[in-house]
Amino acid sequence: MNKTVIKNKLKQESFVPSKKMGQNFLLSNEIKNKIVNVANISKDDLILEIGPGWGAITELLVQKTDTLVAIELDKRLYAHLKTYIKAPNFHIINNDVLCVDLDKLILDYTNTKKNQKIKVVANLPYAISSKIVLKIIQSKLINDAYIMVQKEMAERIGAKVNTRGYNAFTVLVQLFCKTKILFQVNAKEFHPQPKVQSAVIHLENLHNKVDFDIEQVSKFLRICFLNKRKKLKNNLSNIYDIKLVNEMFIDYNLDMNLRAENIEPKMFLELFNYLNKSNNE
């Protein structure tokens, strides 16, 4: 389905993209193929597509895998895809992805006889992309995700320590997986054209799970990055006893002038465990 066909279909069916749902349809055949190719899909892989929209990427994915599961909230697009993609390996759910138990859904379509990898390939709705990313990384079954998000979001997810974009969300995501920005996508490749640029990012090795309470760690990270220009010690002393914070810095041989942006993701988890274990004793 090329850009002319998509635009004509939208016009013929008087389809008005929903701003509330963050609908921007990818038009470029080159970008669609590029996304599918970087995902390195085999027939045995189970592919989960979140927000398939008009089916631009869907029609390529369905040719690559024996099992494609899509989640679409918009009833209009759900009805369109049920008619447009008529393949036995295509399964579509009409629901809000934030309300779906992803692992339960995946298990419904998993073939235990195959050495299946579970991959997410999707152009995410930008309005809720951070919430979807958090849902993906918490899955116990998803191996990899190749997702298109707002460029600024991709840069946050993929930021390195000691860089400006490195923040609490960066650390939380990188505690679950490796991240890599694959390529950027110009706004002109979409209809309607968004006001921001986009990028495709790879969330890799999602089975490398860390056992912690994500809500508690997320709250801790927000405290650490509350004021990025303040010393980490000062941010933490707003919540924890200053004596305990100083003892931790000494025990870990940390510079008292460190800021949150200077610390690697895994170290934050150690600091969290230290402070909360001591608090509970």
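Just so it is clear, glycine is given a Cβ too, placed from its N, Cα and C backbone atoms.
Model, not experiment: these values are computed from the prediction.
Features as listed in Swiss-Prot:
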- Asn24, Leu26, Gly51, Glu72, Asp96, Asn123: S-adenosyl-L-methionine binding site (BINDING)
Among Glu72, Asp96, which are binding-site residues, the residue with the most C-beta atoms within 10 angstroms of its C-beta: Glu72
Sequence-distant neighbours of Asn123 (S-adenosyl-L-methionine binding site) in its chain (C-beta under 8 A, six or more apart): Leu26, Ile35, Gly51, Gly53, Ile57, Ile147, Met148
Other CB atoms within 10 A, centred on Gly51 (S-adenosyl-L-methionine binding site): 24
Cα-Cα distance, maximum over Asn24, Leu26, Gly51, Glu72, Asp96, Asn123, record's S-adenosyl-L-methionine binders, Å: 20
